[in-house]
Amino acid sequence: MNMASNIKSTTTSIASDLKPTGIKLFFKKLVQQRILVLMSVPFLIWLFLFKYLPLWGWTTAFQKYRPAKSFSEQEWVGLDQFKFLFQDERFLRVLRNTLAQSGINLALGFITAIILALLLNELRGMIFKRVVQTVTYMPHFLSWVVAAGIIQATLAPDGIINMLMIKLGMIEKGQEILFLGIPKDFWTILGLGTVWKDLGWNTIVYLAAMATIDPAQYEAAEMDGAGRFRRMWNVTLPGIKSVIVVLLILNIGNLMESGFEAQYLLKNGMNIDYSENIDIFVLTYGINQSNFSLAVAAGMFKSLVSIVLLFIANNIAKRAGESRLF
Amino acid sequence: MAKKLLLTCMAAVLVFTAACSNGNNGKNNASSTASSSAPAATESAAASEKPLDKVTFSYFLGVANAPDVNTNETTIGKAFEDQTGVNFKIEHLVGDLKAKIGTMIASNDYPDVINPDAGIDQLVDAGAFMDLTDLIEKSPNIKRVYGPFLNQMKAADGKIYYLPISAQVGDFVPDPEINQGAFWIQRRVLKEAGYPKIKTLDEYTKLIEDYVAKHKDEDLTGLISLTHDWRFFATSNVPMHLDGYPNDGNVEVDMTTFEAKTYYTTDSTKRWLQKLNDLNAKGLFDKASFVDNYDQYLAKLSSKKVLGFFDYGWQSANARNLLVDAARQDPTQDDFVYFPMPLTWDGGKDQLLDPPGFVKNRGIGISVSAKDPERIMGYWDNLLKEENQILKSWGIKGETYEVDDKGRFYRTAEQIKKIDEPFNLSFGFRYFNWDWPQYGANSTLSDGNAFAPGFQPEVFQMRLTDADKTILEKYGVKTYSELFAAPDDRAWYPAWGIPKTQGSPEQIWETTKDEVTKKFYPKLVLAKPADFDKVWEEYLTAFGKLDTAGYEKWYTEQIKAAIEAAK
């Protein structure tokens, strides 16, 4: 249009030495940075198309959705789906399972990964270090189908654990324990299984963070007479603290995602009270029953809780004066 | 530098446009074939000798029973393509059926042809299938085969959305093998006990107990059970069969009053679970039955360590066939082949063989996304011609079957040997065995031969090994099915095949019932024998929350309606 005149008028306003405020300032900056603004347009469109437009689908949660009918033909039911969810004892149970499973995974995963990273960092024998790293992160590349098969075989009545227990005289032959059939042990099995699978992978980021610590700090600490554990405690750990906090915030935001494959593959009739999580619930009572509205309502609930958790965690970090997301 | 960059860019653009235009050409070609084939399609049913443009339709099959294939890559499928110019690309199920169907519905994008197995109600509900009524009118062979069943095939709105797979044609021939439920037992157990005639479950478990006691060091498993996922019914259906009823699903139907009753809380179920509990306490039951998946179950069956189990023939066939094949190669392995037995609580009449029935809630339909429904129907109509039914069932004369001077079909020993699993796949028997519009398995051809080779007595006799003949002789029968009582006529059979609408109280009852039984049956079986009654009470309380009376009422109405319709 008349870009030229615009520029002209802004230049004159600068020339007139009046400090622009409010809307004027906004437009001034807009014009000044027009190239940047234009460059970001495609990404905003992308963001809108793929991240915000699908939120339209959330309307499904307030309908009694029938597939293959148009939007105007759907029956609106208000909060009925949510009411059903929160009154269903099954849903409260799967909610408990979801939080417990991911809580256990979070705590176990964090502690083991940091400890392993600290230990690896202290190793001087490169070959041994590499071997340990490779061995621990190999299982990450297995799909859960294979991993669950391995876990099942290990825990089976004729599996290695029962065999060991018999050899050690802890149980009699014929009294093999059906580990996957003990409901309360499911969380432990899942937690340990996840640690086994992802331990090595999770250490990578901490090792990278440790690599950025200035060696001079170690030398100084050594001069001051700090031993190995002192150095770990007073140099390495504070050095990676910011990474730990950021990862913790991110993971707390994901607390409602306890995973799907592992539970789905390891669950059976006996441990269902402790293995079924929200995702499996959505599959059996939402998608399998063609009750898509319920599935969407559950998914929506999950997202909302995740956002709240993320804000809380971030806020705590902020108050504690730590690095944070925003 | 800048020049170089420009050159590279131009080269990239050139390559890109070339690739694109290539792609476009390809697409144009494809679409032109498709469009030109459309007018020809209408005539396809009438004049199949006229050369037609080739076309490929996508076909989703909700059963994972073979590798994906183009039908024209098999001998049989190639013959059909030559006749009609139609090829189907079959995609088998991977993963969870209901989830797959749900995604299909959500995206509203369907393959041309769908055979969704248990997911059919969902698809009909979503309007995924087109009405076939008019197309059936135009197809003489489909009308001939499905004509008597058209009324039963109508959905609630009076339209026909799919063709079921079990239309009976001609006379009814019973299956000489056991494809339905049976208590299976290893032949060595019977051999050692002197081939006793077993009638009740108690005698059966006693036999197993005695055998294990005599062979303590062999690490044998007395009994296992299949419980994985939807196959759980292999364990939960047993009380119904022991009561002397056929597999009607969740109900037993009284033969005089035609009342449908569930059996999940009856004494019969309690007795069955107590029996398993007792075997478990004695170390004869494999605990892992409740955590193993289907593959692990099959692996255990073929390990030769398991003495007995209850299952349906079609469901355990993969494992049992391995043992049968091994015994054919090496007669000493015959000890490990399983022998079927019909058992009841009191030794009375069993009803394990399927009565003649018409499964109405499974079938194959054309989706609303299909490009050319006439052409697909034309293919099916052509498939249902008798000569083509013979081709897909018996194969090619002189190659996979012979005809004697009386016109009876048979197979020579070499032919039987030749037809193994790889052959079934490449020839196409596997792909055309089921899952298409076809004659029901128990049908006969117009010349009196059995439609299915396995049901032809001549073929059955040829397949038997010497050891098979010996054991059949010991029990005084010529076929395995002779061991079982003849099925009574049941007009509604099978009751599980009566369609239920999505999200109906009946379906919710079934989902919740599954959950309760899957949770409590293992508890009951693995409980300490002293605690059994206590757990049973807990189970009754949990089960009491279900509207079982409403479910039974619905079924009784449906069954009475089915009897009316059959009159």
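Every residue, even glycine, has its Cβ placed from backbone N, Cα and C.
Straight from TrEMBL, the features:
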DOMAIN    A:95-313  domain 'ABC transmembrane type-1'
TRANSMEM  A:35-53  transmembrane segment
TRANSMEM  A:99-120  transmembrane segment
TRANSMEM  A:141-166  transmembrane segment
TRANSMEM  A:186-211  transmembrane segment
TRANSMEM  A:232-252  transmembrane segment
TRANSMEM  A:292-317  transmembrane segment
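Distant neighbours of the transmembrane segment (A:99-120): 129, 132-133, 136, 187-188, 190-192, 194-195, 198-200, 202-203, 206-207, 210, 232, 236-237, 240, 244, 247-248, 251-252, 254-259, 263, 277; these residues of the same chain sit at least 6 beyond its ends, with a Cβ under 8 Å from one of its Cβ atoms. For the transmembrane segment (A:232-252), same-chain residues at least 6 beyond its ends with a Cβ under 8 Å from one of its own Cβ atoms are 106, 110, 114, 117-118, 121-122, 205-206, 209-210, 212-213, 217-218, 221, 226, 309-310, 312-314, 317, 322-325. Outside the transmembrane segment (A:292-317) by six or more residues, the chain places 57-58, 60-65, 67, 77, 81-82, 84-85, 91, 245, 248-249, 252-257, 278, 281-282, 285-286, 323-326 with a CB less than 8 A from a CB of the stretch.
Only residues 6 or more beyond the boundaries of the transmembrane segment (A:141-166), in the same chain, are considered here, and those with a CB under 8 A from a CB of the stretch are 172-173, 176-180, 189, 193, 197, 261-262, 265-266. If one looks beyond the transmembrane segment (A:186-211) by at least 6 residues along the same chain, the residues whose Cβ comes under 8 Å of a Cβ in the stretch are 97, 100-101, 104-105, 108-109, 112-114, 116-117, 120-121, 133-140, 142, 144, 147-148, 151, 155, 179-180, 236, 239-240, 243-244, 247, 259, 262-263, 266-267, 271, 274-275.
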